Amino acid sequence: MIIGVLSVQGGFVEHMRSIERLGHEARAVRRAEQLEGLDGLIMPGGESTTMSKLLELGGMLEPLRELIADGLPVFGTCAGLILLADRVLDTRSDAHSLHAMDITVRRNAFGRQVDSFETQLPFGDIDTPVEAVFIRAPKVEEVGDGVEVVSTLPDGTVVGVRQGNVLGCSFHPELSEDDRVHEYFLRMVKQRGVE
């Protein structure tokens, strides 16, 4: 199984390490031609507006939209979640979205860098809570009918969503040694018949 990790900006190295710890090949994706032959793609955290501009400059927005529409499993964390959302609050007018999930997200909803926190949360069908690191994280304010909520904070704030082949979370699972959220994504990839 080959999992691409978008590597134009942000925390891509940690995601690659998680995939490799789980026994699969991780490929850094910086150009559109590197999207070919992938079984899945991770879009990491970073700065969402910067990432969207780099994707535009690199000619990757349309190829990504097409691959997602064709069913490529994609997992976005933090800024990656923002890029996947249909609607983004508190963003710049020149930011781009892939419009891959029927959700509304608010950028930096949990405050500034000093407001970062760690907690344990339920996630999908994982049997015990996962480690979740929140750094200037977005939150999901609205979900469409076809979106499954897979993780919430104790107060009900939505921080994990899935819509078909697209998975997203507000937090950074790659910053812990707990690889179970990545395993969850790999199970999505395997559901497409990929080993």
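Cβ coordinates are placed from backbone N, Cα and C, and glycine is handled just like the others.
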Can you pick which of ARG17, ARG21, ARG107, ARG162 Swiss-Prot lists for the same L-glutamine site as GLY46, GLU47, SER48, ILE135, ARG136? ARG107
Return only the integer: C-alpha distance in Å from SER48 (L-glutamine binding site) to CYS78 (active site, nucleophile). 8
Out of GLU47, GLU174, which of the recorded positions has the smallest number of neighbouring Cβ atoms within 10 Å? GLU47
When DSSP states are folded down to helix, strand and coil, where does GLU174 (active site, charge relay system) land? helix
What does DSSP call SER48 (L-glutamine binding site) in the simple three-state scheme? helix
How big is the Cα-to-Cα gap, in Å, between GLU47 (L-glutamine binding site) and HIS172 (active site, charge relay system)? 13
GLU174 (active site, charge relay system) versus ILE135 (L-glutamine binding site) - Cα distance in angstrom: 12
